[in-house]
């Protein structure tokens, strides 16, 4: 039911193209996943999201558990029907909330007790509970519960969190009983090569349908991000989809693809969109700036997204300056489409054996006959 098929390899790098087959369709890799934390990519309908070329989205177990609750989602027919998204969905386990809500939680080997950020009530999540929630949600891919420590933690503390993550993974594997849902394990270990290698080998030993690298892009220096991207792939199974969590910048995606990663997610395109910032090649345009007031060109003349086909920078500037919700939606749509387009261009370059680690498809010399 779940299969990862490698369709081409790059002779210049370790990049590859592939197809991840799921019960709700296939995901062509390399692929960027938009983030729909609460069962929605903020401000964007499922139909609009389809127009960007998105093939798989991410939702969050922790937040859906708090509201509206996994039982209600299950009663509706599952997460796909609930949000009217017929394509693959991956649910994050809530491990990131262990990190982001650190001041509101108490961690033990049994699980995490949170103070509900909505109403202050106590919520306990164990590995077993997290698996049950994701099975009830009915996502295509469920992530194992992990402990993501802050990047400032010392080596001993990160090793403790790593051992806890491994213990939780064993419990997740024992609990997960859904044949039409793939379970991915998560590698932790911070900036320490010894811990990353140990975690990669331990997680790979379970022979799960896919494997993820977590604890990246959580506030650390970009050099540390690149170090993990460069170091860890040699310890990962070749025949599994490799998911690098929390990465959404073009430079890091290009580097990660060159090292053999396949799937990425990040809130960046929609977060920037909600603040009026649009992607343009490898730049960011702040459409609030007065210089766009009389600019009647689209964000990107070469982009085929619904925003660029229909609206000017001047109109988007007007919407943003007046706090119109439509402006946030249109810019977010473009930003998602831009990242999907970028990974599509990478895929074409890999197939034509002209992909490089500093891939920049908007530069004619980089893409030969390819269009951008």
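Note that Cβ sites are derived from N, Cα and C of the backbone, with glycine treated the same way.
Note that the structure is a prediction, hence the values are computed from the model and not measured.
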The annotated region 'RNA binding' range in Swiss-Prot, which must be one of 232-238, 239-245, 246-252, 253-259: 246-252
Range among 260-264, 265-269, 270-274 that Swiss-Prot annotates as region 'RNA binding': 270-274
Same substrate site per Swiss-Prot - residue from 136, 140, 146, 282 joining 92, 93, 94, 95, 96, 188, 215: 146
Record-annotated Zn(2+) site (Swiss-Prot): member among 275, 318, 334 besides 303, 305, 308: 334
Lowest local Cβ density (other Cβ within 10 Å) among binding-site residues: 95, 215: 95
Rounded distance in angstrom between the Cα atoms of residue 92 (active site, proton acceptor) and residue 303 (Zn(2+) binding site): 30
Cα distance (Å, whole number) from residue 265 (active site, nucleophile) to residue 95 (substrate binding site): 15
Top Cα neighbour of residue 305 (Zn(2+) binding site) in the set of recorded positions 93, 96, 146, 188, 265: 265
